[in-house]
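This report refers to the structure that appears directly beneath it.
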Amino acid sequence: MALCNGDSKPENAGGDLKDGSHHYEGAVVILDAGAQYGKVIDRRVRELFVQSEIFPLETPAFAIKEQGFRAIIISGGPNSVYAEDAPWFDPAIFTIGKPILGICYGMQMMNKVFGGTVHKKSVREDGVFNISMDNTCSLFRGLQKEEIVLLTHGDSVDKVADGFKVVARSGNIVAGIANESKKLYGVQFHPEVGLTENGKVILKNFLYDIAGCSGNFTVQNRELECIREIKEKVGTSKVLVLLSGGVDSTVCTALLNRALNQDQVIAVHIDNGFMRKRESQSVEEALKKLGIQVKVINAAHSFYNGTTTLPISDEDRTPRKRISKTLNMTTSPEEKRKIIGDTFVKIANEVIGEMSLKPEEVFLAQGTLRPDLIESASLVASGKAELIKTHHNDTELIRKLREEGKVIEPLKDFHKDEVRILGRELDLPEELVSRHPFPGPGLAIRVICAEEPYICKDFPETNNILKIVADFSASVKKPHTLLQRVKACTTEEDQEKLMQITSLHSLNAFLLPIKTVGVQGDCRSYSYVCGISSKDEPDWESLIFLARLIPRMCHNINRVVYIFGPPVKEPPTDVTPTFLTTGVLSTLRQADFEAHNILRESGFAGKISQMPVILTPLHFDRDPLQKQPSCQRSVVIRTFITSDFMTGVPATPGNEIPVEVVLKMVTEIKKIPGISRIMYDLTSKPPGTTEWE
């Protein structure tokens, strides 16, 4: 049986339940196996007005039973159930008579406990898939026999445990199992994320029909809880809140103002030099209209030249540290974020000093959201979540302040759409509540900095696979070992569609010599971008299909872009040296301004959740024989549609955004000096994150 390879229980097993001080009658316990989507499960359950609490996977069964939980949900996680370091759990949770829903890793765990087997498949599934369902199963009642879901896994159920039946399949892969008499259900996909179209129906079936929950957990309760927590923690002390002007920090400040006296709240807007065009001025004006007095600090010089302390190397587990390069000479995305986060804190401390306040009597408030903490693998969000990227508001220094109890984060249990609802409850104006998010590090994380191209040993082989994919209809006539790999990673339906697309369109697909951050299978991926160009007018539906298919076949690719303009004859294999210098930032600032101005004027800004505009160090259209150096850069437009920012899809031109609007953006951005090409990000999340860094 799976007691983390069967042996001993860890000393801290049981979380906060074992003291018996709480009672959760009617609530659902989510046992956290380390999933990036763990808190999304929590949010989806609460959206259905059912109270949920998250505890470690190793929480003992007796504690769950004694505390009155009505049902159990086991999250996904990055481990294999057979790994030596697989997390410990109490198998008795399956024998206490509580309905259980196992998601991804949770399903594999359930299957293994009851005698089934799990093994690593040759093909990962990362992305959106059509799966078949048995809609006579209580879990899938009211659904179609085929549904669109998000799958992100490498291990799969092989032999189904006795007493369970298969209730969903993705091709020949088991996607759902059930033992209805014991109310035990497992799904390989993620019903909690927006990319699973009817995931909420599945969760509702489990919570209401199977577990018998009642819906009496409301947003108003959570607002009151936030205010109570602020009052209790701050008392008569002062709070310094860093305001970006976005919805998160504004709602955070509104909560502080409601909970505390006005003279206790010190609102500061720091212009870090990475703001959008005229951003700081508009932030100050908007907040003054709300009656919030803001101290604006121009700290661009401090950020450009900022440094921080870092481990000697990623492998070095000793406490030894090194001083980083200055930010304007740094190319590592992780180091950039850490420098920016720590510089924010240093400047906040300077403000405290200038105002003659005692540091020990001042709290730092942030509008940190749940996705920030999950992607940073913060213990506040999840004790096991794998690091995807460091967020500027969750650096080591911030964590140290948090450990000291000096950080106030009233929105730490909220996701973006919930913050908007809360903002409306607090009577904030709609233009602020519905504003597109803008990251605290600003344009700094929208410049792909590089000194040299990113080309590893797998670069040539991956390019050969992409050539086969882009010309699949011709490639199938010429036997090749890599062709067999492509076929092994795709279904017959995929191959038929690929044949159709490549017969109709002349495509060129290749790797770009840069890397961006992504997420695959609950873990961080940091890898290549695939570019697609064509002499034909773009068929956007086909391009979106290719963007889903390519990362499934090539796990070293986490992003796919379409390159506007004529076919790329000679893909770049070098880069334009790019750092966070004023000239580089000025170029991106203008591109961002043009794109967002066109989106606003089109009236479609409300249809798009966020639209990062990214500057890459890529110079196309150079004759290699002339050995022209790389000196221009290219821009990426990243439209993104999501409900929670944990998963999402690009806006498809012609559907969610008019083609003419996108083409107008391309035309205006191309006029900016030093711009080589414009690209359109076709990638969903996963495998690509919202931002490129």
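Each residue, glycine too, has its Cβ placed from N, Cα and C.
Quantities reported herein were computed from a predicted structural model and do not represent experimental measurements.
Here is what Swiss-Prot records for this protein:
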MOD_RES   A2  N-acetylalanine
MOD_RES   S8  phosphoserine
MOD_RES   K9  N6-acetyllysine
DOMAIN    27-216  domain 'Glutamine amidotransferase type-1'
ACT_SITE  C104  active site, for GATase activity
ACT_SITE  H190  active site, for GATase activity
ACT_SITE  E192  active site, for GATase activity
DOMAIN    217-435  domain 'GMPS ATP-PPase'
BINDING   S244, G245, G246, V247, D248, S249, T250  ATP binding site
MOD_RES   T318  phosphothreonine
MOD_RES   S332  phosphoserine
BINDING   R337, D522, Q610, K685, E691  XMP binding site
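Feature annotations (Swiss-Prot) mapped to structure.
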residue: E192; record: active site, for GATase activity; DSSP class: coil
residue: S244; record: ATP binding site; DSSP class: coil
residue: S249; record: ATP binding site; DSSP class: helix
residue: S332; record: phosphoserine; DSSP class: coil
residue: R337; record: XMP binding site; DSSP class: helix
residue: Q610; record: XMP binding site; DSSP class: strand
residue: E691; record: XMP binding site; DSSP class: coil
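With respect to Cβ neighbours within 10 Å, the recorded positions E192, D248, E691 differ, and E691 shows the lowest count. Around the Cβ of H190 (active site, for GATase activity), 27 further Cβ atoms fall within 10 Å across all displayed protein chains. In the predicted model, residues of the domain 'Glutamine amidotransferase type-1' (27-216) average a pLDDT of 92. Other residues of the same chain near the ATP site, with their Cβ within 8 Å of the Cβ centroid of S244, G245, G246, V247, D248, S249, T250, are L243, V251, C252, G367, L432, R435, F438. A Cα-Cα distance of 22 Å separates E691 (XMP binding site) from T250 (ATP binding site). With respect to G246 (ATP binding site), the closest of these recorded positions in Cα terms is R337, chosen from C104, H190, E192, R337, K685.
For the recorded site, C104 (active site, for GATase activity), the DSSP three-state label reads coil. Taking CA atoms as the reference points, S249 (ATP binding site) and C104 (active site, for GATase activity) are 34 Å apart. Ranking the recorded positions S244, S249, T250, S332, Q610 by other CB atoms within 10 A of the CB puts S332 at the bottom. If you measure from the Cα atom of V247 (ATP binding site) to that of C104 (active site, for GATase activity), you get 33 Å.
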